[in-house]
Amino acid sequence: MAAAPSATAPKHNYTLGTNASQLELYKYLKTVPPIPELRQAVTIKKYEEASVDDTLYPLIDEHQIIMVVGAFFGDEGKGKTVDAVARHPACTCVARVNSGENAGHTVFDDIGRKYVFNLAPSSLLTPNTRNYVSSECVMDPISFMEREIGQFIKSNMPYKDKLFVGNVFVVTPYHKLLDLLGSAPNSSTLKGMSPIHASKVTKRGIRLDHIFNDEGVLRARLAKDMDTYYGLLKVKGLTDKDVVRRCQEENADGVERVPGYVVDFARAENKIDYLVKLYTERVKNNKDFPRRCDVTHELRAALARGEKLLLEGPQSYWLSNAREKFWESTTSADTTAGGLLASAQFNFQRYKVLVINVHKAPGSSRVGIGANPSSFVPQDYYSAQDIKTLEALPKGGCVDFDKIQNFFYTKAFNTESKTFNGIYEPLEYEDATGKYNIGVAMSIASARHHGECGAVTKKPRVCGFFDCVLHFEVNAVQGPYLSISAVDRGDDYDRIGITIAYVYYDVGNKMVDANGRVYKNGDIIKAGDPVPCEMALYHCYPIVKVINGWKGAPIAASKRRPNEPLPKGVCEFIANVEFFTGAKVISIGNGPRGSDIIYLKQ
């Protein structure tokens, strides 16, 4: 563990090894009295495998609108559940209804070709589906054509009768440059999300229809919206050359975070002419651009015909801009289930709605900035050291995942002690490259072993424990159904930890007033208690219940026989998640393929 950053999360001089501040922190945390829930007996049910026809499909049959949404901080592995729902015979329409290309899903077709979708629904490869990008989405049409539609053109895969685009808000090059120039390191995907949503709410900028209509109106709207861009350059004292140089610096490690056409915009002398020409040639007159339609009307008509609709949720509940707890470090759209339904513009009184929450464990993760009480290291640990990709992690360090996880759960967690309070000791793990704080070692090893990097950003994700405190609220708002992906990772663990509470501690003895409650050192926040705002969560540390793993009894699809009884450790893990969150686990992931799902008898 490491000392928490302040509410504004400034950079810290983090170390690889255990430092004096971590030892001082643990000196206090080890005195926290154990909470009764650590020793509370949880009934271990016998969970049995069942077919998709007997589990998921009956749920779909009872509803008209199905939503698959993230339950943590994104990157939960939603695509697999989306694919499973989309294959239901009556599910004919799949839609993205808000947010933009800051989501990422990797899908493989029947012959193993890889496709990466950021804005297009990930069910584009699913037979007999019509896929929609709705009008409340934000789209960079140039990136959309290059990165997403270009995959279909290259592989000669038809898409014109499967994909339809509404009157989306257009993300321009200057929105992406505003994002680059105005964002703190690691705080953004650089996809222009905050700037385009600012244009949206101030009724500036353009929508897709503007590109296909009067050029004079298009030019006028672009010119008005670009005042913000020119204003930022003036305030920061930047020239076009400075902006180009900043773009080149961002791309210097070989990852193209700023596309070439955005850099060309920064170079362009007449930027309005550049944009009009760009959109005329590559959108308006582009025969490969997908068909356009009134998406809301089409989806309502499909529902009226008795067809079922799947709404594919981008990001997640806790990354929703409509949730106060992590508001400063969220995306710019309401990515909760309620937000999706509102963006889809349906009469919610008319239809039965099914929400399937998706979480991931072990190795629950987050990218970007913000609080993350259940993480192995502070959320800004990598960005503070300018680590942008997995390749930039310490060379040769923390590569023995098995040794590290064993040390973590058997040494740092002294579960045999009568005074064990669920807080691990900041011991040091040592390998040939040096000494590492065990939280740092576990974070690096998890990122390496599980390939945890952002689907969009390529940044290492910060891993940690399954957080029952946060999921209790998710379940209360949009539960109870939960699919947990990547559970086969547990095949490599001797034990598994889940967060069942937090303890608040600030080294300066500072208190935080959140919604009228004052949080002070030693305060416990349990699953089911009000979740405080991020100002308090920066100073919260996980109280972890350690449960038995199932190493030696793998559930990975490549090693397990179908319908083989689930190991006791898996059942114990699921039972504890259900007990502390109130969720109902309907499936667990056990491999990389779309079909690698174990459905649980309900």
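Backbone N, Cα and C atoms are what each Cβ position is placed from, and that goes for glycine too.
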Among Arg219, Arg221, Arg245, Arg461, indicate the single residue that Swiss-Prot lists for the GTP site containing Gly74, Asp75, Glu76, Gly77, Lys78, Gly79, Lys80, Gly104, His105, Thr106, Gly589, Asn590, Gly591. Arg461
The IMP site in Swiss-Prot includes Asp75, Glu76, Gly77, Lys78, Asn102, Ala103, Gly104, His105, Thr189, Lys203, Gln315, Lys459. Which of Thr172, Thr330, Thr331 is also listed there? Thr331
10 Å Cα neighbourhood of Thr189 (IMP binding site): matching recorded positions from Asp75, Lys78, Gly104, His105, Asn590: none
Secondary structure at Lys78 (GTP binding site) (DSSP, helix/strand/coil)? helix
Based on DSSP, name the secondary structure state of His105 (active site, proton donor): helix, strand or coil. strand
Rounded to the nearest Å, what's the C-alpha distance separating Pro460 (substrate binding site) and Asp75 (active site, proton acceptor)? Just drop the number here, would you? 12
Rounded to a whole number of Å, the separation of the Cα atoms of Asp75 (active site, proton acceptor) and Gln315 (IMP binding site) comes to 7
Please name which of the binding-site residues listed here, Gly77, Asn102, Lys458, Lys459, is nearest in space to Asn590 (GTP binding site), Cα against Cα. Gly77
